[in-house]
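See structure below.
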Ligand code: KIV
Ligand code: ZN
């Protein structure tokens, strides 16, 4: 079978909906538009852009993404009620190819929450899918918690949804409970038993609570599912969703036993992974399949020797397949702008001239402080440039810190607030606390620090630190990040970055927006 004869698997990305649902992974409006643009360019078939009824912010993001999408279908989520579905349609209708995705929990546990009998739920499914289909030709219906739903009842409601006009039927493993064989059997059972099943696309939507999301999704495809729902880096509630990069690369690398094709340009994977990690504030674990920092590193002598003799001894795919083309050759302070531009291009970044100029200035400053500037340093630097806009409301101008074994630690800071410089000093329980105290005194707020994480970008004591900070204020959750060779500077900038996001969120969303006030259980 040639590649073009192979069944096509639709890639449905839900980074901006299920992924963004992870507490603290909230993205700003601009970040969502950027990620959606990158997903579209990468060849994702369907982008689930958000849950339009959830907040004004979600609604605006979904409608703006719908207006901008070039080739991807844009989908919004709606519970099984007319109000949600109408709001969803209002947001997605601008897309060249819109989709309404409506769902209800069908398992006994989920049926008990809205207190619907089996018959009442069946009627609700019929009515809501019919309503969605009257608005939009492309309707997806999901049986939330399908893997814990009685088979007879699942067949019954899937048949009702198909008859009411659903074009895609999604079978979610909402709590990551299933295993590969069961996942395949469930799809096979539905295809065999449900009248009309051959007229629709079956989708698989797996969560990773037992670490089987990728295996379960691929098993479902083997049984006949033709849409995989996934997220970049496996971002998502609890242990996350199926990782896009894993299923796509698995079908590419093991095409001999998984003969399916996708429309994904895999060379764009690495860049997307970095951007999603950076804007969500969720670092990618070092040993994460495909996109982890160590995924293509060969540490042991035997492995290094083998790879040098024949790269295929220990590498089943090429780094370039996912867009890792650069050799990790350090740049130094004598490297010029053209070399930097070329290097960034190799790393997957094509910056506008003004952005390149800013990165170049920062690169020179970094090269003065650090003997060798590695690829990962440059990646951190670009991410920082993209995250910390020079026109933000709060900007760190100067910071000096006195710390050591004798307390109290002291910070002396100049912070620009709306373009006006303010000076202050403060003491604290450690240098980070002292620096944060300065910010808090100059810009009073009651946001609570929920997460503070520091990672070294490269080895050595002169390595840059990347810091992420998560704040919560009145139910609004924001994550800020920054990088610097000085950990205290990186921490302060990450804190300020989070506050700048919070300032934007205060104007765009209601209190409590991120601690979802709309519950999936509430189907009224
Ligand atoms: O996991 C799940 O069941 C979901 C549904 C809303 C499709 O995300
Ligand atoms: Zn989900």
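From the backbone N, Cα and C atoms, a Cβ is placed for every residue, glycine too.
These come from TrEMBL:
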{"type": "BINDING", "residues": "18, 205, 207, 241", "note": "Mn(2+) binding site"}
{"type": "DOMAIN", "residues": "9-270", "note": "domain 'Pyruvate carboxyltransferase'"}
{"type": "REGION", "residues": "395-524", "note": "region 'Regulatory domain'"}
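What TrEMBL annotates, mapped onto the structure for a quick look.
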residue	record	DSSP (3 states)
18	Mn(2+) binding site	helix
205	Mn(2+) binding site	strand
241	Mn(2+) binding site	strand
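For the region 'Regulatory domain' (395-524), the DSSP counts in helix, strand and coil order read 34 helix, 53 strand, 43 coil. Taking the mean position of the Cβ atoms of 18, 205, 207, 241 as the Mn(2+) site, the remaining same-chain residues with a Cβ inside 8 Å of that point are 14, 172, 174, 206, 208, 213, 229, 230, 231, 236, 237, 240, 242.
Across all of the domain 'Pyruvate carboxyltransferase' (9-270), the predicted model scores a mean pLDDT of 97. Of all the binding-site residues listed here (205, 207), it is 207 whose C-beta has the fewest other C-beta atoms within 10 angstroms. Around residue 18 (Mn(2+) binding site), the same-chain residues six or more apart in sequence whose CB sits under 8 Å from its CB are 48, 229, 231, 236, 237, 241, listed in sequence order. Cβ neighbour count for residue 241 (Mn(2+) binding site) (all protein chains, 10 Å cutoff from its Cβ): 33.
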